[in-house]
Amino acid sequence: MRCSSRFPVGAALLTAGGEIFSGCNVENACYSLGVCAERTAIQKAISEGHTRFRAMAIASDMADFITPCGACRQVMREFGTDWDLYLTKPDGTYIVKTLQELLPLSFGPEDLQKA
Ligand code: THU
């Protein structure tokens, strides 16, 4: 299987219990059906019963730090705002941002309780 966008991404999600779930972007000939590496990892973890997360590392072969798309940030936010995202470069360097930093003033499940 190839990455039709030629933009392969990998993600590794660390749960509160110390388990690691990895994911890659899964693309489709119908482009809009593709899913990002980050959401693949989250869906694998959720489907195995893990809902509390400590950190996620994201990697690509881009020269610059890889950063998650807006849709992934919102999906991550469903599980809290105080966990860490490691944004990496192929040379092994990285920066760490909290989800709060990447998605300030976010809407989440708590807001539904206000209705
Ligand atoms: N992609 C990810 O998997 N994660 C990101 O953080 C950015 C983009 C994927 C989606 C698509 O398969 C390809 O990269 C090009 O956008």
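Backbone N, Cα and C atoms are what each Cβ position is placed from, and that goes for glycine too.
Annotated features in TrEMBL:
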ACT_SITE  GLU38  active site, proton donor
BINDING   ASN25, VAL26, GLU27, ASN28, ALA29, CYS30, TYR31  substrate binding site
BINDING   CYS36, CYS69, CYS72  Zn(2+) binding site
DOMAIN    1-110  domain 'CMP/dCMP-type deaminase'
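In this structure the C-alpha atoms belonging to TYR31 (substrate binding site) and CYS72 (Zn(2+) binding site) are separated by 17 Å.
Closest to ASN25 (substrate binding site) in space, going by CA atoms and restricting to the recorded positions CYS36, GLU38, CYS69, CYS72, is CYS36. Mean pLDDT for the domain 'CMP/dCMP-type deaminase' (1-110) in the predicted structure: 97. Sitting within 8 Å of the Cβ centre of CYS36, CYS69, CYS72, and not among those site residues for Zn(2+), are the Cβ atoms of ALA37, GLU38, ARG39, PRO68, GLY70, ALA71, ARG73, VAL75. Other Cβ atoms within 10 Å of the Cβ of CYS69 (Zn(2+) binding site) number 12 in total over all chains. The subset of recorded positions (GLU27, ASN28, GLU38) lying with their Cα within 10 Å of the Cα of CYS72 (Zn(2+) binding site) consists of GLU38, given in sequence order.
Apart from ASN25, VAL26, GLU27, ASN28, ALA29, CYS30, TYR31, the substrate site neighbourhood in this chain, defined by C-beta within 8 angstroms of the site C-beta centre, holds SER4, SER32, LEU33, GLY34, VAL35.
The two recorded residues GLU38 (active site, proton donor) and GLU27 (substrate binding site) have their Cα atoms spaced 13 Å from each other.
The DSSP breakdown of the domain 'CMP/dCMP-type deaminase' (1-110), given as helix, strand and coil counts, is 28 helix, 32 strand, 50 coil. Taken in sequence order, the binding-site residues VAL26, ASN28, ALA29, CYS30, TYR31, CYS36 that lie near ligand 1, meaning a CB under 6 Å from one of its atoms, are CYS36. The highest number of surrounding Cβ atoms within 10 Å, among the recorded positions GLU27, GLU38, is found at GLU38.
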